[in-house]
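Okay, so here's the structure we're looking at.
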Amino acid sequence: MARLPPGIRFIVSFSRDQWYRAFVFILTFLLYASFHLSRKPISIVKGELHKYCTASNEAEVRFNGQSQKTSDTPAHQLPDNETNCGWAPFDQDNYQQLLGALDYAFLCAYAVGMYLSGIIGERLPVRYYLTCGMLASGAFTALFGFGYFYSIHSFGFYVVTQIVNGLVQTTGWPSVVTCLSNWFGKGRRGLIMGVWNSHTSVGNILGSLIAGYWVSTCWGLSFIVPGAVVAAMGLVCFLFLIEHPRDIACSSSLAMHPKGYENGTHRFRLQKQILTEEKNKPLDPETQCLLLSDGKRSGHQNHVVVLPDGGSGVAAISFMGALKIPGVVEFSLCLLFAKLVSYTFLFWLPLYITNVDHLDVKKAGELSTLFDVGGIFGGILAGVISDRLEKRASTCGLMLLLAAPTLYVFSAVSRIGLEATIVMLLLSGALVSGPYALITTAVSADLGTHKSLKGNSHALATVTAIIDGTGSVADAQDARCSGVIGIGRPS
């Protein structure tokens, strides 16, 4: 029999289960990347909504006014939807407060909605719930951009759009984390979810590039195009997302497939993933404290929580029941501070760069993507370290401790030059996004399959929503304060 071509040998070297897992991994990655892609434009467009009126511009206006008195030729008139200082109502002196209020509206709605979203998501099919959320998110993201084409200058219109968009976007995170956790067991969860969580940075990068392409010419498209992308991915979700392995008769945990040979072709045998040495391995003190319900260690405790293939008859966990899971409150508070810093960079970094490094809006948006590039490496590094040490909390704590002086140095050296800004953006992104990624993915999945749940799989979305929602509370307050103190104001 002829030897199989290399490409075919590669295809058959993976089992059916592995191919489905890879498919779900990539699909959920793209789905949530599109959510972040739609959140980024507001930070890019801020520099266009308000343009600083310099003394030279004011002098030019006075000169044109004097010329008009001595000439029959009328002075140059700006379009109805544009002023010398940007887009009304953001062209006034209180523009910082107005822009901060937009972020505040979105994040307040997101924080409140996240607590409710997890509870609702546990009781509805993930595919339908996520699809509806993505279609609605795409619609309201695009609606913000339509304000440009219809010359809408009502501040209330933009605030309401942000509030509703914040609410519908809460459908995303609990859904994708639940789906991915159903497909992947705890083995190397930190690494797998560290790689997977780079969708946040990838979405921010794509959002910056897309919004930056149109920001100086037609900023409305900076919202409409990302909105269309989110809506399109919602249709993809409806057509292809598989919520649980049992829906297509796949195994519920990762399986090892050693090679075998028969007639020159590869054959594989399913083996149990749980190895004897892991089965008898004692828990470290940190995991014992945070991930055991009774605080006691069994001599033969197994790290892997096996969820039942059924479980449809098991009631979903309540909000208070999820709070009682050891570690949920602690990690929620930890994320509160990590996400506060992350979203400050998300919403205000391009404007900060515009004013500190004196770059135009498009170049500032492109440069801000370096923070997200650093975040990709930070998330993967945090996952690898936490898997190797089996200490999620210690990994988060160490990276956050290193992030504090790094951010201080960034604020000091970013005024020195462009090269210093680039280096500090990469380093800050890695140290801030690493703990953020670890807590919102691997830690949330660990706690959502905690031993005290006794195999109840209807807790992942609620636990994930509580942790992420708590982080968003800090984001909302930070957005409010940022608008008041005027981040990005020239010195």
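Placement of Cβ uses the backbone N, Cα and C atoms for every residue, glycine included.
The annotation domain 'Major facilitator superfamily (MFS) profile' is assigned in TrEMBL to 27-491. Annotated transmembrane segment per TrEMBL: 20-37, 98-116, 128-151, 163-184, 196-215, 221-242, 328-349, 369-386, 398-416, 422-445, in sequence order.
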Exercise. Per the 3+ Cβ pairs under 8 Å rule, pairs at least 6 apart in sequence, do the transmembrane segment (196-215) and the transmembrane segment (20-37) touch?
Worked result: yes
For this session: Please work out which recorded stretch in 98-116, 221-242, 398-416 has the most C-beta pairs separated by under 8 angstroms from the transmembrane segment (128-151)?
Result: 221-242
For this session: Quick one: find which recorded stretch in 98-116, 163-184, 328-349 has the most Cβ pairs under 8 Å with the transmembrane segment (369-386).
Result: 328-349
For this session: Residue list, the transmembrane segment (398-416) vs rest of chain: Cβ under 8 Å, 6 or more residues beyond ends.
Result: 334, 337-338, 341, 356-357, 378, 382, 424-425, 427-428, 431-432, 434-435
Exercise. In terms of Cβ proximity under 8 Å, which residues at least six beyond the ends of the transmembrane segment (98-116) contact it?
Worked result: 39, 42, 46, 49-50, 89-90, 92, 155, 158-159, 162-170, 173-174, 319, 343, 347, 465-466, 468-470, 472-473, 475-476, 479-484
